[in-house]
Amino acid sequence: MMNIVLIGFMGTGKSSVGRLLAEKLSYAFVDTDALIEERAGLSIPQMFAKFGEKYFRQREKDIIKETCNRTHTVISTGGGVPIFEANRQILQNGRNIIVCLRANIPTILNRTKGRGDRPLLKNDLHKMQALLKQRMPFYNQADFIIDTDELSPLQIVNEIMVYLRRRKK
Ligand SMILES: Nc1ncnc2c1ncn2[C@@H]1O[C@H](COP(=O)(O)OP(=O)(O)OP(=O)(O)O)[C@@H](O)[C@H]1O
Ligand SMILES: O=C(O)C1=C[C@@H](O)[C@@H](O)[C@H](O)C1
Ligand SMILES: [Mg+2]
């Protein structure tokens, strides 16, 4: 069986929804950000500060490669994963179902306010808008896109389950 890969901007709910979806499907769960931190023994901000973003992106690519070889796994990705061509090629291998979680800027600001664990998160509406706009074309390459603004994590999981069932037919 295929993996379900969740992509989307910071704060769209990939980690929370992914964990729940994995439970519902009885799949394994991998969160790329958490795995990178665990392996490095450093938090993401520490890693950016010590070794730079480039280093983080290399670790991220390694983990994407590795996890895509699994089956029956829900993979919650970091917000920057689909921005890189190499990652897209690895993810779009025909064995993964790619689901994008989308949220508008006020929702994202609300869900991420006070978080100090995301170095690229600027608490600035315009910067956030610019980054989101730049990334949108890549997020939009997903197989299925859900607007999450008005939905609870459980409702999002249910929508994904409906989509998966429909795909099977
Ligand atoms: N559908 C939702 N409704 C309300 N709150 C939500 C929803 N989804 C996520 N949240 C909350 O928003 C915050 C961010 O969610 P989460 O960490 O899952 O996002 P993420 O996409 O994994 O972000 P990142 O890319 O930074 O890891 C959390 O506090 C979470 O509880
Ligand atoms: O959007 C991004 O580029 C990032 C999102 C987070 O999930 C982390 O992967 C990291 O902070 C970078
Ligand atoms: Mg996350």
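Placement of Cβ uses the backbone N, Cα and C atoms for every residue, glycine included.
In the three-state DSSP reading, GLY11 (ATP binding site) counts as coil. The ATP binding site annotation in TrEMBL covers GLY11, THR12, GLY13, LYS14, SER15, SER16, ARG118.
Here TrEMBL flags SER15 as Mg(2+) binding site. The Cβ neighbour count for SER15 (ATP binding site), using a 10 Å radius and every protein chain shown, is 19.
What TrEMBL lists as substrate binding site is ASP33, ARG57, GLY79, ARG135. Under 8 Å, Cβ to Cβ, and six or more positions away along its own chain, ARG57 (substrate binding site) finds GLY80, PHE84.
Each of GLY8, MET10, VAL17, SER76, GLY79, LEU101, ARG111 belongs to the same chain as GLY11, THR12, GLY13, LYS14, SER15, SER16, ARG118, is absent from that list, and has a C-beta within 8 angstroms of the C-beta centroid marking the ATP site. When the binding-site residues GLY13, ARG57, ARG135 are checked against ligand 1, GLY13 have a Cβ within less than 6 Å of one of its atoms. The two recorded residues GLY11 (ATP binding site) and GLY79 (substrate binding site) have their Cα atoms spaced 9 Å from each other. Using CA atoms as reference points, the binding-site residues ASP33, GLY79, ARG135 were checked against THR12 (ATP binding site), and the closest is GLY79.
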